[in-house]
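Below is one structure; the comments refer to it alone.
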Amino acid sequence: LICHNRPLPFLHKTCPEGQNICYKMTLKKTPMKLSVKRGCAATCPSERPLVQVECCKTDKCNW
C-alpha cells in the first residue's frame, strides 16, 4: 500500500507490512479542512474533538 505522508500530493511512501490503512487527519473547525497529518496505520486512528479522521485502503487514497 502506498499512502501520502506529507501535505504535498507528490510525497508518499510505501507502508510497512501490517499497516494496510491510509489515513488523513483534518481540523474540523476550519473552512478549508486544513490537513494536519497523513500516513499509514494498522488500524484507523480515533477521531478527536477538533480532528476528523478519514481512512481508506487503496494506493494514494488519502489525498
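Backbone N, Cα and C define each Cβ position, glycine as well.
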Swiss-Prot annotation: C22 disulfide-bonded to which of C3, C44? C3
From the list C55, C56, which cysteine is recorded by Swiss-Prot as disulfide-linked to C61? C56
What residue among C15, C55 is stated in Swiss-Prot to be the disulfide partner of C44? C55
Run through C44, C55, C56, C61 for me and report the disulfide-bonded residues whose CA is within 10 Å of the CA of C15 (disulfide bond), in sequence order. none
Neighbour count (Cβ, 10 Å) for C15 (disulfide bond): 19
When the Cα of C56 (disulfide bond) is compared with the Cα of each of the disulfide-bonded residues C3, C22, C40, C44, which one is closest? C22
Between C44, C61, which of the disulfide-bonded residues has its C-beta surrounded by the fewest other C-beta atoms within 10 Å? C44
